[in-house]
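Take a look at the structure below.
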């Protein structure tokens, strides 16, 4: 927005919803007055906030354009690209840590053999090199190999497109995670170019769009459906089959099964069924979704379900601005202390755990039916110690409450604006650089009716129910003894303190991370 007088112009930058505080660098403003007079107002400075900025007319002072500057004092191509893409790329990288899918990114200790990048292409300014940055722990990888060769969906009679990208990210000097290379298919070939930030605006943009679309399809089926909804059902069914209502583990876990079987029944009937809603707006809908689920099951390990082990395995202990990790680890510890102190009241020795046949049947059926008796998953087949039981029960509660909140609640926040998370792509990825235009980008986006289906679905799935029961709340009084009731009170106090700490942290963030605030984390997978 601007206000103009003959000697003064006022500029005001609009706030961007999805890219908060995105800076703007206007060169100048040329104005033609109603009388036909022409005036030029030089700016040439960054505008970073929404305050009104005033600039005087530059007649006699600023007679050159940016392009008329001598080459030796202009920005390099690299710096120009950096200026243009920095806000957008920073948000792209941010979402791998704090978006709906914080489960894929890992520290890169060795470049994949199928991603043949060079120092010159990744760091064209020559200021850094890959070997040193890998050694420093500054290079990260997101590999969508589970999507390789998946049969894509047909929507409105048109074949859709789904890629299996490799994304290389770099933690820059500002502690931001930014993409530095994107290859959209797994096998390096001449018709599978590697895209870089120094490419043309539209080449780099479409590469990121295909990544975001692949991310949506993998995340919804793996991190969301399989690793929260379907696992929560396994835990719940085994609980209902094997543990009587008077059992302490039944009392501890039954609040974390509320509505889960009901919501999963509806999902099977309406969302992921043949011809269901998912098939109407995603490139993986139909047979492809089943393929992705089968492949995802092979990656389902005990350690990947326990956030302290998972963060360590992926090398993410010291990544800055990783709020899913920070809040998640604290929640895990609070839940673990509550579980340990409560169950220790009933199980004084390891022998008591081993001799509890109902407890042993519960874990046995989870291993057998939930993890198909695959020892490679690391899931225990039986409990031999109190500590083993405590860790597993902690994982169950964390999965049903915190983990589901982390991957579910932000769906509309990050996916409500379709270009940030296209659920499908209607044109094939470019086979060479320089062929993408604004027109082809718009044609690649999903159609309007596809987008409407997607937006309605993610809005519904993100919506909090009016009868939600949040973590630490127990309207049904299953425990009656004084000691476990005391532990519940302590649990609630710890959650209350964590909530206050998260709110304090968020007050200084441009984009608050709220999904693991205990005040909004539901007890169970209920939506």
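The backbone N, Cα and C atoms fix where each Cβ goes, and this holds for glycine too.
According to TrEMBL:
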- 88-527: domain 'Lipoxygenase' (DOMAIN)
- 224, 229, 404, 527: Fe cation binding site (BINDING)
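Listed in chain order, the extra residues whose Cβ falls within 8 Å of the Cβ center of the Fe cation site residues 224, 229, 404, 527 are 225, 228, 232, 263, 407, 408, 461, 525. Taking the Cβ of residue 527 (Fe cation binding site) as reference, residues of its chain lying under 8 Å away and at least six apart in sequence are, in sequence order, 259, 263, 408, 461, 463, 464, 465. It is 404 that, of the binding-site residues 224, 229, 404, has its Cβ surrounded by the most other Cβ atoms within 10 Å. Averaged across the domain 'Lipoxygenase' (88-527), pLDDT in this predicted model comes to 97.
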